[in-house]
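Q: Feature table excerpt (Swiss-Prot):
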type: DISULFID; residues: CYS123-CYS202; note: disulfide bond
type: CARBOHYD; residues: ASN22; note: N-linked glycosylation site
type: CARBOHYD; residues: ASN32; note: N-linked glycosylation site
type: MOD_RES; residues: TYR27; note: sulfotyrosine
type: MOD_RES; residues: TYR29; note: sulfotyrosine
type: REGION; residues: 338-367; note: region 'Disordered'
type: TOPO_DOM; residues: 1-52; note: topological domain 'Extracellular'
type: TOPO_DOM; residues: 80-88; note: topological domain 'Cytoplasmic'
type: TOPO_DOM; residues: 110-124; note: topological domain 'Extracellular'
type: TOPO_DOM; residues: 147-168; note: topological domain 'Cytoplasmic'
type: TOPO_DOM; residues: 189-211; note: topological domain 'Extracellular'
type: TOPO_DOM; residues: 233-254; note: topological domain 'Cytoplasmic'
type: TOPO_DOM; residues: 277-297; note: topological domain 'Extracellular'
type: TOPO_DOM; residues: 321-367; note: topological domain 'Cytoplasmic'
type: TRANSMEM; residues: 53-79; note: transmembrane segment
type: TRANSMEM; residues: 89-109; note: transmembrane segment
type: TRANSMEM; residues: 125-146; note: transmembrane segment
type: TRANSMEM; residues: 169-188; note: transmembrane segment
type: TRANSMEM; residues: 212-232; note: transmembrane segment
type: TRANSMEM; residues: 255-276; note: transmembrane segment
type: TRANSMEM; residues: 298-320; note: transmembrane segment
Amino acid sequence: MYLEVSERQVLDASDFAFLLENSTSPYDYGENESDFSDSPPCPQDFSLNFDRTFLPALYSLLFLLGLLGNGAVAAVLLSQRTALSSTDTFLLHLAVADVLLVLTLPLWAVDAAVQWVFGPGLCKVAGALFNINFYAGAFLLACISFDRYLSIVHATQIYRRDPRVRVALTCIVVWGLCLLFALPDFIYLSANYDQRLNATHCQYNFPQVGRTALRVLQLVAGFLLPLLVMAYCYAHILAVLLVSRGQRRFRAMRLVVVVVAAFAVCWTPYHLVVLVDILMDVGVLARNCGRESHVDVAKSVTSGMGYMHCCLNPLLYAFVGVKFREQMWMLFTRLGRSDQRGPQRQPSSSRRESSWSETTEASYLGL
């Protein structure tokens, strides 16, 4: 959240590894003396006090909810792992990504409340891990959307031949791209001592141009492109489902709308604030201390809304997805009868079929 006057711009990563926007000075500290402004950096008391109070409480709550909710989703899917469709497999990877993301939240809660006490190595790992799973969540939702689009709109199953191999390769590509986008975290993140704060924080050592370019990349690749893919695919899916008949199809349509709307509602406010900050960086909008303080607080609040998306998907499955509730109940029943010879309520072959390539019925989670 701060800039250190040096040959390189140093950014605090208290808003996590992928949030490079919390620059609190309007001045570009370059390598040349002429780059320095005669005015001092903006005071940070208001935004700092807000972050120290708001972020640790929020991150702790999201950690508990996200771990329990996504753990339940993973348990349900793994209990049916021999009959998972392509959508179910993507959802399993999405739950894993959300779990790994929320596991970093306690570290960043400590960083926001006190300082970074976990060393430079864990700084790089935690920052990269958060960034990897931020991208993975968006990319996997886009994969689910495209898979449903082909299966419903074009009646095409791209995973019909060797489905597990093809789905696995798709997931490997997704995780590989996420790792590629997280390389700046491994390179530029470090635990740096900030003299103005008298504290050590997990920070980026970034030149201004690199900071702006990476934030634009994250805005486009991590939000706009996945959102456009989801909107396009689900708009065509809804067009097909609306002309169909049957209550089952309308239940599937309802959850489709809710899932894509949740992604948009959770992440749009944050990325709009980031866009404003980018426009101030490039000089399109004037930067002053009052506006900068408001933007910093807005980023803390809206980023919290974005992180809530990790906890929201399991709730959507539970309250909107009928099949998820059924499978969760069956899992609890089997666990309660583990001392018996076997579960008495195994789903029939017709109920176990979850791929939309053969039917518009939802997967195990109702998608």
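Every residue gets a Cβ built from N, Cα and C, even glycine.
Quick one: how deep are these features, and who are their neighbours?
A: The number of other Cβ atoms within 10 Å of the Cβ belonging to CYS123 (disulfide bond), over all protein chains shown, comes to 24.
Averaged over the topological domain 'Cytoplasmic' (80-88), the predicted model reaches a pLDDT of 78.
Taking Cβ pairs closer than 8 Å, the topological domain 'Extracellular' (110-124) reaches residues 13-14, 51-52, 55-56, 59, 185-186, 189-191, 197, 199-202 in its own chain, all 6 or more past its ends.
With DSSP states grouped into helix (H, G, I), strand (E, B) and coil, the topological domain 'Extracellular' (189-211) comes out at 4 helix, 14 strand, 5 coil.
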Q: In the topological domain 'Extracellular' (277-297), how many residues does DSSP assign to helix, to strand and to coil?
A: 14 helix, 0 strand, 7 coil
Q: With a Cβ cut-off under 8 Å, give me the same-chain residues at least six positions beyond the ends of the transmembrane segment (298-320) that come close to it.
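A: Residues packing against the transmembrane segment (298-320) from afar: 15-16, 19, 21-22, 47, 50-51, 54-55, 58-59, 62, 65-66, 69-70, 72-73, 94-95, 98, 101-102, 105, 137, 254-255, 258-259, 262-263, 265-267, 269-270, 272-274, 277, 328, 365-367.
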